[in-house]
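Q: Structure provided below as C-alpha cells; questions to follow.
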Ligand code: DMJ
C-alpha cells in the first residue's frame with residue numbers, strides 16, 4: 001500500500017506537494033516544498049527502508065528551499081514540515097546516516113526544521129502572542145491578514161517548538177509556543193470551554209462552538225502530549241480542567257457533541273471524523289473504560305459506511321449534507337493502535353483489517369489512493385493528502401507490529417546506548433516516542449540529553465566567568481527558562497531524594513541499572 005502510493009508520487013508528482021491520483025500528476029497545496037516527500041520520510045524508516053530514507057534525506061537537503069514567496073498555513077507547515085524534519089533528524093542514526101559531531105543536538109535536517117520554523121515566527125509577533133493562521137515565508141504576515149485563527153492553530157506548537165528549542169539551545173521557539181498557550185488558556189469561558197475560532201488581536205471568540213473535533217482537536221492533544229514529553233504539570237492541569245468541562249457538557253452516551261462555549265447548550269449533535277483521535281488520547285491518560293466505549297461508537301460508524309464520513313449526525317444515524325467524504329484520515333486507526341497496546345483486545349486489529357480492505361477496495365487507483373468524495377456511492381476526489389503516507393499507513397503498520405521500536409519498551413528500543421556526540425553518552429530511544437499530530441515520532445530522551453548538554457555548558461561558562469573575575473566568590477544565578485526548569489547539579493546530596501515526576505511509566509528506573517564509580521545517578525540527573 002505504501003509503495004504503491006509513494007512510488008506513484010515520486011514518478012508522477014514530485015517535486016509538487018501532492019499527488020493527484022486520478023489525473024496522475026502533481027499539485028502544490030500547502031506550500032511548495034515537496035510536502036509529501038517530507039511527510040513520508042520517517043514512514044520509510046518505520047517500514048525499515050534505510051537506503052531510501054538516506055536517499056530522500058539528501059534529496060531534500062539539496063532541493064527544498066523555504067526562502068519562497070508563498071503564503072503558508074502556520075499550523076500545517078509546523079505539523080507536517082517542521083515535525084517531519086525533526087522526526088527524520090532524530091531517526092537519522094537508526095537510518096544509518098552519517099552523523100555530524102554534536103548529533104542529536106545538531107545536524108542538517110535539524111537545521112532545515114529550524115529554518116522552516118523561523119519562517120513561522122513572524123506570525124507570533126502579535127499583541128497577545130497568539131499566532132496568525134497564515135504567513136508569507138519570504139515577507140512575513142501580510143498587513144491584510146485576517147486576525148481570526150482556529151483554536152488548534154493557536155495551540156498546536158509546543159511539541160515541535162520545545163523540541164527545536166531543547167535540541168538547538170535557542171529558547172525562542174518554546175517561549176512563543178508557551179505564550180500562545182497561556183493566552184489561549186485565559187480566554188476559556190466561565191464554564192471552562194473554548195470555542196472554535198478566536199480573534200488573536202482582541203481575544204474575542206468569533207466561532208463559539210465547543211467540541212473536540214475540527215478546529216480544536218490537536219490543541220487538547222498537545223496539552224496531553226506536551227505534558228508527557230516535557231513532564232510539565234502546567235500543561236497537564238490545563239488539560240484536566242478542560243477534560244472536566246468536556247465530560248460535563250459535551251459527552252452524551254460516550255459520544256461527544258458540540259455545545260455553545262458559554263452556555264453549554266447543544267449546538268451540533270454530530271460526530272466528526274477528526275474526533276476519532278480522542279479515545280487514543282484518553283488511553284494515554286489511563287481513562288480506558290470511556291475510551292473503549294467511545295471507540296465502539298466510532299467503529300460502528302466505520303462499519304456502517306466502510307470509512308468515517310467527515311460529519312455524522314448522531315440523532316439521524318447518517319451522514320451530513322456535503323460532508324459525506326473520507327479523505328483517508330488516520331484518526332480511528334491511530335486510536336486503534338493505542339487501544340490495542342493498552343488492552344490487547346483483537347477488536348482493534350479487526351478495525352485495522354477493515355480499514356485496510358476498505359481503502360484497497362474503495363480508494364485505490366492505478367496511480368495511488370484517492371480521497372473518497374462520498375462514502376455512499378464511492379465517488380473519488382483527485383487528491384491524496386500527504387497525511388495518508390505520514391499517518392494513515394504508519395499507524396496501520398504500527399497497529400500490526402506491537403514490538404516496533406517506536407512503541408518503546410521493546411528489545412531494540414529499550415536501553416540501547418547510543419553516542420550523544422558532544423553531549424556525551426545519551427540513552428536515546430529508550431523512553432518511547434511521542435507522536436506529533438501528523439504522526440511524526442519525537443524522542444523525549446534527545447530533548448533531555450541536548451537540554452542537559454546546554455545546561456552543563458552554561459554552568460561551565462558561568463563558573464569560568466566567575467573564576468575570571470578576581471575577588472568575585474558569588475555563585476552565578478541558576479539559568480531559568482520561561483518554562484520554569486532550571487539547571488541542577490549533577491549528583492544528589494547524601495540522603496536527598498528526587499521528587500517523583502508527575503507523569504511516569506512503570507519501567508525500571510535508570511538508577512537501578514546504572515552506577516558509575518559507586519555514584520548512583522537518577523534518570524534525570
Ligand atoms: C492531519 O494533518 C493531522 O492529523 C491533523 O491534526 C488533523 N488533520 C490531518 C489528518 O486528518
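Residue 1 is the first one shown; counting continues down the chain.
Glycine is no exception: its Cβ is also placed from the backbone N, Cα and C atoms.
Since we're looking at a predicted model, the values are computed, not measured.
According to TrEMBL, the feature active site, proton donor maps to 76, 310. Residues annotated as active site in TrEMBL: 217, 331. Annotation source TrEMBL lists Ca(2+) binding site at 437. The annotation region 'Disordered' is assigned in TrEMBL to 468-504.
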Q: For residue 310 (active site, proton donor), list the number of other Cβ atoms lying within 10 Å of its Cβ atom.
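A: For residue 310 (active site, proton donor), the count of other Cβ atoms within 10 Å is 20.
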Q: Should we count any of the recorded positions 76, 310, 437 as near ligand 1, judged by a CB under 6 A from one of its atoms, and which?
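A: The recorded positions passing the 6 Å Cβ test are 437.
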Q: What is the separation, in Å, between the Cα atoms of residue 331 (active site) and residue 437 (Ca(2+) binding site)?
A: 10
Q: Whole-number Å only: compute the distance from the Cα of residue 76 (active site, proton donor) to the Cα of residue 310 (active site, proton donor).
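A: Cα of residue 76 (active site, proton donor) to Cα of residue 310 (active site, proton donor) measures 19 Å after rounding.
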Q: Determine, to the nearest whole angstrom, how far the Cα atom of residue 310 (active site, proton donor) is from the Cα atom of residue 217 (active site).
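A: Each residue's Cα considered, residue 310 (active site, proton donor) and residue 217 (active site) end up 14 Å apart.
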Q: Work out the three-state DSSP category of residue 331 (active site).
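A: DSSP call for residue 331 (active site): helix.
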Q: Including all protein chains displayed, how many Cβ atoms other than that of residue 217 (active site) lie within 10 Å of its Cβ?
A: 24
Q: List, in sequence order, the same-chain residues at least six positions removed whose CB sits under 8 Å from that of the residue listed as 'Ca(2+) binding site'?
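A: Within the chain, the residue listed as 'Ca(2+) binding site' has Cβ neighbours under 8 Å at 79, 83, 156, 159, 217, 218, 221, 222.
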Q: Mind telling me which of the active-site residues 76, 331 has the densest Cβ neighbourhood, counting other Cβ atoms within 10 Å?
A: 331
